[in-house]
Amino acid sequence: MRTIAIAIAILGTSLGALAQEGELDAMRGHVPLLEERTPEPLYNVENNDLRRIRAYPMQPPTIPHKIDNYQVDLNANRCMSCHSRQRVGDTQAPMISVTHYMDRDGNFLAELSPRRYFCNQCHVPQTDAPLAVENRFVDVAEILRQRRETQE
Amino acid sequence: MIKRIKTLFSVFWRVFHSPSGYFSLGFLTVGGFIGGVLFWGGFNTAMEATNTERFCISCHEMRANVYEEIQPTIHFTNRSGVRAVCSDCHVPHDWTDKIARKMQASKEVWGKIFGTINTREKFLEHRLEMASREWRRFEANDSLECRNCHDEGAMDFTRQSSRAAAAHRRGLIDGDATCITCHKGIAHELPDMAGVEGWE
């Protein structure tokens, strides 16, 4: 009798937790786990080929074009078929920076360094999706300008 | 029994040898015409059957490899619902060229029987060889199968992204590139591209 009561209690709390989890999961948009939610619309990928400025000097530049189904794996690197040193003459794409030809000891290699091979680890295309969280980032140039203004 | 077969055969041979002695000219003409139509229709139907997607993916070599790979690409799934099936790109639409390609394809039957690519490993091992063959074919016929749908004369460059428009003007109009020169691996995964021109 006691075991049954304990079992029911455990089941009750876990079910409650399950339901609560479904409520709290913001990624699913507050839809219970057992219900299927209507997916968000897909947003358009920026494809205007215009370079964005970098938010800070070391920022990896964003990709101003679509990269749907670009193959980057052991066999082929679609990005490098335009952006590699040898290819930019034909394609007029910006060449990847010299740091991508350096290994971690600073030696220059003939080819793209293996640690830089997967472009999407740093470079990403942009979409017109609304911001999911507020962004309070301020460009350092803007901070300096404000500083100058207050000092004057 | 044997005698009866022999007589039957000699009668058949006599008629077959000079049918005009037994049948009227009209019957032979009309009969020949109808027979011709039936033969031609049958031949063409059979050949068209080998051009369907169902036929191609009836072999696991195609279904498990290249058919799987085309599914996320634009030629299989897209907003307007136009789909290119295997033969749209891999078989010329022109009759003479189609027959020539079908004869070449008889070697693929050999490969099927002897299991040249019957596992994923074997398939990947042969992938560069097979892909190179298709690239050569497209280079040679100026990407004819692409152009069956994508005609550069009908392309509105102003509706393309500026990058695409510039590349097409440079390669396709002013240069001597053909579609496959740049658009390799557009419908299937690429083999190891080390050493392939344009993929340094």
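Just so it is clear, glycine is given a Cβ too, placed from its N, Cα and C backbone atoms.
Remember, predicted model here, so these are calculated numbers, not experimental data.
Positions annotated as heme 1 binding site by TrEMBL: B:Cys56, B:Cys59, B:Met62, B:Glu108. Cβ-based neighbour count (10 Å, all protein chains) for B:Cys59 (heme 1 binding site) stands at 16.
What TrEMBL lists as heme 2 binding site is B:Cys86, B:His90, B:His188. DSSP assigns B:His188 (heme 2 binding site) to coil in the three-state reduction, outside any helix or strand. Cβ contacts within 10 Å of B:His188 (heme 2 binding site), excluding its own Cβ and spanning all protein chains shown: 21.
Under the heading menaquinol binding site, TrEMBL lists B:Cys89. When secondary structure is read from DSSP and collapsed to three states, B:Cys89 (menaquinol binding site) falls in the helix class.
All protein chains considered, the CB of B:Cys149 (heme 3 binding site) has 12 other CB atoms within 10 Å. The feature heme 3 binding site is assigned by TrEMBL to B:Cys146, B:Cys149, B:His150.
Positions annotated as heme 4 binding site by TrEMBL: B:Cys179, B:Cys182, B:His183. Same-chain residues at least 6 positions away in sequence with a Cβ under 8 Å from that of B:His183 (heme 4 binding site) are, in sequence order, B:Cys146. DSSP assigns B:His183 (heme 4 binding site) to coil, not to a helix or a strand.
What TrEMBL lists as domain 'NapC/NirT cytochrome c N-terminal' is B:21-193.
The annotation transmembrane segment is assigned in TrEMBL to B:21-43.
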Neighbour-count leader, CB within 10 A, binding-site residues: B:His90, B:His150: B:His90
Nearest of the binding-site residues (B:Cys59, B:Met62, B:Glu108, B:His150) to B:Cys86 (heme 2 binding site), judged by Cα-Cα distance: B:Met62
B:His150 (heme 3 binding site) in three-state DSSP notation: coil
Top Cα neighbour of B:Cys59 (heme 1 binding site) in the set of binding-site residues B:Cys89, B:His90, B:His150: B:His90
